[in-house]
Each structure stands twice: as C-alpha cells, then as structure tokens.
Amino acid sequence: MEQIEQHILRLRKQLRHWEYLYYVEAAPEVPDSEYDRFMAELRTLEAERPDLLTADSPSQRVGGQAQSSFGQVRHEVPMLSLDNVFEEPGFLAFDKRVRDRLKRDDDMTYCCELKLDGLAVSLLYENGELVRAATRGDGATGEDITANVRTIRTIPLRLQDHDNLPRLLEIRGEVFMSEAGFLRLNETAKREGSKVFANPRNAAAGSLRQLDPSITARRPLTFYCYGVGLLEDGELPESHWERLQQFKAWGVPVSDRVRRCTGSAAVLDFYRQVHEARLSLGFDIDGVVIKVDSLALQQRLGFVARAPRWAIAYKFPAQEQLTRVRDVEFQVGRTGAITPVARLEPVLVSGAMVSNATLHNADEVERLGLMIGDTVIVRRAGDVIPQIVGVVTSERPAEVRPVAFPTQCPVCSSDVERVEGEAVLRCTAGLVCAAQRKEALKHFVSRRAMDIDGMGDKIIDQLVERELVKTPADLFRLNKEILTRLDRMGSKSAQNLLEALEKARQTTFARFLYALGIREVGEATAVNLAAAYGTLDALIAADIDSLTGVQDIGNIVATHVRHFFEETHNIEVIQDLLSPAIGIRWPEPVAAPVAASDNPFAGKTIVLTGSLSSLSRDEAKDHLVALGARVSGSVSAKTDLLIAGEAAGSKLSKAQQLNIPVMDEAEMMRLLGESSDA
C-alpha cells in the first residue's frame, strides 16, 4: 500500500472518531480548528489522488448535485407500524396477551425505548459501508434519500471496524430535529424570508425530502437507531437490548434512555419517569415503545394487522398548554346548529399552532364556567382536535365578560330556538339562511354523498354569496359562462366541473338519501333505509312506527326522517332534482342485501380502523355494506368485529380490552374475495 494511501486512511479513521465523539457522544476531544485542519488535509490529498476517493470518506458528507426526483426503494423486510395504547389498562392488556399467547405465567422481559417524533428511515450497510438510505413510505416501498442522509453527521458513513460486521445490515431508526435546532432553523428562515416550519417533525421530514442535498446538510438533523431489518451473512445477539448495544459499539447512535425491564410494574415505572422528564429531553417524543426483548419470543408471537404482536407504543396523554380566550364567535352548521367557537391567542400544542377551539354548546360553556378574557387549558384530543379542558380562575382578570348566546342567527338574523331535550341552539330559517345553505350544499356534493369532484368549499361559498345557487338542483343548471366568472376558475376547470356534475346525475338511492342531509341520517342509516323501502315513494309514505322497525333506527331518527318529508320545501327540492330537466336517477328498486349463508360479514356490526393498502376505507366500507354488514365508526360492546389496518390506534386497544375479534387486512381481502365469488 502506498504511503499516501495509508495516510489518507489514517486521516479518515481519526476524523470518524472525532465525529462520533462530537455528534453522537457530545464529548468533543479536540478543538474545531484541529478537526478542520485534518479535514482540509484529507480533501487536499483526495483532490490530488481522485482514484483514492471513496463514498464513505468524511469529506463526502456535504451533498453534491441536486436530484430531479427520489427513486423508489422496495423494503426487503417491511417497515411495520406499531399498535398504540393510551392508558395503563391498554398496556396491561397487551402484557396479558403476550403471556397468554406464549403460555407463560412469569414476568416478561421487555426492552423499553423512547417513541421519537421524527421520520422513520432505513440505512443499508454493505460490509460496513453505508450504501443506501430510504424513507419508510407505505412500509413496503419508500423513497431513496441516500444523498441527503449522507449529510447527517450522527449517521456513520462506515461502521467502526469489528470482525463480526455482517455483509448486509439494515439499521432502522428515526431522523429528528432537536428543539434548539428547530428554533435556530426558524429564526434563520424568518431573517431570510424563507418558509417557517410548524414543528420539529415537519422540519425534519421536509429537510430529508430536499432534492438538493446541500440544503439538507445545513439542517440540524440527528438520528437514533431502534432496530434492524435485513440481515445477511452475519449474526446479531438474540436480545433486542443487546443488539442496540452492539450497534452502539459499531458507532451507530442509540438513545441512552433505553431500559430492559422485567415485569409490567417495571415498564410502568419507566413510562412514568420518561413522562415526567419529557420536557427536559431537548427533543419531541410522544410515548414509550415496549418490545419483547427476546428475538426467539418475537418470532413465536409473530404479526397481526401489519404490526408486530410483540411490541406496542404506549403514547402519552395529550399535551396541554395555557392560553387566553380573545373572543367567542358563533358558527352556523348545515342543520342550523349554532356552535360557539373560542378564538384563542395562538399557542403551540402537540406540535401544531392552535388559535380556535369549539365550545360545542351553552351547556359546555356553563360547565367550564368560561368567560371571554379567561386563561384556559387547551389540549388536542388525540393530538388532533383542539379543545378547552379547563379554566384557570385564579388568573381571571377584572375585565372579563360573559359569553352571550345570540337570540338571532348571526348570519341571517332569523330567530333561534333550543328544542327541548337538545343542548344546541338552532337557526329556524332553514335554507333561507345563507350559512345553512352553504353547509347543506357542501354536504350534498361531498364524496360520500353525490361525489361531485372539483366542487370545493370555496366554489360553493362564491356560488351562494353571488346568489347563483340556492338549492341543490341549481348546481345542475350551472353552465360554463357562469363558472368561468368565479375566482380561480378557468375554462378547463369549468369544463371538468360540468363533466363531474353530469356524472353525478347517476347515483344510488342510499347516496341520494345521505346527500339530502336529513338530521341524524348518516351513511349507514341511509343504506338501511334504502334497503328497507326500495323506492323513494315508499320511504316518503312511511310513518314513524314503520321507520322504527328499520335496523338501527330509533324514535329520534324516525321523527327527523318523518319531519323532513313533511316539509313542503324539501319535497319541492326532491321533485326538482328528479325532474327530467335535472335528471337525478338510480337503479330501482333497491333490494335489501342478500347475505349468503357462508358470508362471514352478514348481519355483523363492524368497525374499520387504521389505513389499508389494498383499497381505501370507503371502498372497504362499501364492500362490507354490500354483504349485509353494518359499519360503525366507534367500538362498543355491540361491535362484532374490528378490522385493523396499518397504524391502528385507540380503537384497536378498546376492542382488545372488550375481547372483540380482530381481523387484519389480508384476512378481510381473502374473505371479500370468497364472498364475491360465491
């Protein structure tokens, strides 16, 4: 070996060592100037001898040319998601399921890790050298982000030398951004007039998907390993915890907050400690991941619903923040319900900026004791929907004022009423009210109703505000000249919308009923009504006694249906829609679904949860309903079956607690295929 080649190898080895100490261990050994001197010498030598330049050299981190797109990467070992639990009983139920399946009475040993709030990635090392990096994608196929990942300082381009390196090793983990790095990034973006990110997770994801790797190189990204995928021509320990220690020895970053726990009590103790310390970690986490430590036991437990039976994510309760109520405004919905909405001083809650929260009704405002100007506790229910959970009365200023509910509709000034037995106020004007008209039309054109593609909320708003549309039938009277006068509506878009309107004229009885917007009549109820009566005339003639005999329809829903068809205006709207000029039609009569004796879905109440890869949730729902199932949106003791797709959450946990049978997507698709062939 030449002397210059030996010197280059020594420089690379020294620089890798210093990078590991600086970026992974946070324990720099030399001043930056010394590191820079070695790096400059390495680059000079590599420039002199380009034949000695290798992809894993420390000099090659900061990316080169921009890409035009990301290539696709098929994961040899699928990157599965985890089932979630949100409360202690959910974890204890998981622990019991594990022990029951393994037929063990003794305590299980688990490896507990932080659930990082970043982006899952796969790192493929060949003979210790990083050769490919990919996003998780849909679990089966991800995007090739090798050029960008090579710029992340905490990810080794070459594993530290050891005799036992596998030929192929796929390390999996999370790329994320620290809170301090996120704040610095946004401060710089503000100064430069660039995009400001909402939260560290979005910043990390956006940084990894830059087509120009030099941009990624300037982003403060870091990485923690949490597992392994593909492994060829090599061996690893049979304990997950010991595997993480092995990866750490090879120079791969592993969180120092990984603990091996024996028994559920030890796991719960670790969870509580992490929950208390979460705000001091310096980066976002949203729970603890709990894995059976033994690889042999993991293999025995296997997988279900595209998630392992041997692991669970125990997520933290929704994060809460304090903010102030600036005002309370009132919104009018499709059925005239007047809903109070709190306007808040913007506050970051669980990674999202929150400035509004619904207060539901007067009873909720009274229960909270809320006044305008109050300091309130805000959380995002399920880390999604903002809600006010309490008022900090000790912080109440002198100038607060009560929430005054309107006596007239805030949109059309019509009288409002509160029906006995209901908590909400309602505008009495019906579709005369512009707000109700807008919301009714938005419902009518929605995907699960008449499915008029391209007829978005902003188009409906313009049509109503310009008094171009008053009833659903008016939508079908629109022409290209009218549409092109709307904002942001060109000739091509107008033509596409007219074609969508034409297509929507052919529908189904159930969709049409749902589109009418009858109170309390959702998709499943509309299907049941269509199946029970077959024709619109028969349904219109049905009395309350007849209606209450239909599956899942009680007295309240029956009363709403009866009242809807007793309104002259509603009958006029229906007649207009069905007239030859408009031409809404569907196959008649609609017969009740006939369930084959061997159809496993007939007569069952089924809940769908998680995302499906073979078809959409809506398509799955249509198939199940066609086979005589009732598809519900929530799990209860009356649920017969839960079908769990990828990333199934609290519904899966509740079903398991209630001992409700769970079916994965593959089994559902198999049975749907058999039922359709029958």
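Note that Cβ sites are derived from N, Cα and C of the backbone, with glycine treated the same way.
Quantities reported herein were computed from a predicted structural model and do not represent experimental measurements.
What Swiss-Prot lists as NAD(+) binding site is Asp32, Ser33, Glu34, Tyr35, Asp36, Ser81, Leu82, Glu113, Arg136, Glu174, Lys291, Lys315. The feature active site, N6-AMP-lysine intermediate is assigned by Swiss-Prot to Lys115, with sequence analysis given as support. According to Swiss-Prot, the feature Zn(2+) binding site maps to Cys409, Cys412, Cys427, Cys433. For 596-678, the entry in Swiss-Prot reads domain 'BRCT', with the evidence type sequence analysis.
When other Cβ atoms within 10 Å of the Cβ of Cys409 (Zn(2+) binding site) are tallied across all protein chains shown, the result is 24. Computed over the domain 'BRCT' (596-678), the whole-number mean pLDDT of the model equals 78. Sequence-distant contacts of Glu34 (NAD(+) binding site), defined as residues of its own chain at least six apart whose C-beta falls under 8 angstroms from its C-beta, are absent.
Among the binding-site residues listed (Leu82, Arg136, Cys409), Leu82 has its Cα nearest to the Cα of Lys115 (active site, N6-AMP-lysine intermediate). Among the binding-site residues Leu82, Arg136, Lys291, not one has a Cα within 10 Å of the Cα of Cys409 (Zn(2+) binding site). When the binding-site residues Cys412, Cys427, Cys433 are compared by Cα distance to Lys291 (NAD(+) binding site), the shortest distance belongs to Cys427. In this structure, the binding-site residues under consideration are Leu82, Cys412, and the one with the smallest number of other Cβ atoms within 10 Å of its Cβ is Cys412.
Annotated Zn(2+) site Cys409, Cys412, Cys427, Cys433; additional same-chain residues within 8 Å of its Cβ mean position, judged by their own Cβ, are Val332, Gly336, Gln408, Pro410, Val411, Ser413, Ser414, Val416, Thr428, Ala429, Val432, Ala434, Ala435, Gln436. Taking the C-alpha positions, the distance from Cys433 (Zn(2+) binding site) to Leu82 (NAD(+) binding site) comes to 47 Å.
Each residue contributes its Cα atom, and for Cys412 (Zn(2+) binding site) and Leu82 (NAD(+) binding site) those atoms are 49 Å apart. Leu82 (NAD(+) binding site) and Cys427 (Zn(2+) binding site) have their C-alpha atoms 45 Å apart, to the nearest angstrom. Long-range Cβ contacts of Arg136 (NAD(+) binding site) within its own chain (separation 6+, distance under 8 Å): Met79, Leu119, Ala120, Val121, Ser122, Gly142. Break the domain 'BRCT' (596-678) down by DSSP state and the numbers are 31 helix, 17 strand, 35 coil. Counting every protein chain shown, 27 other Cβ atoms lie within 10 Å of the Cβ of Cys427 (Zn(2+) binding site).
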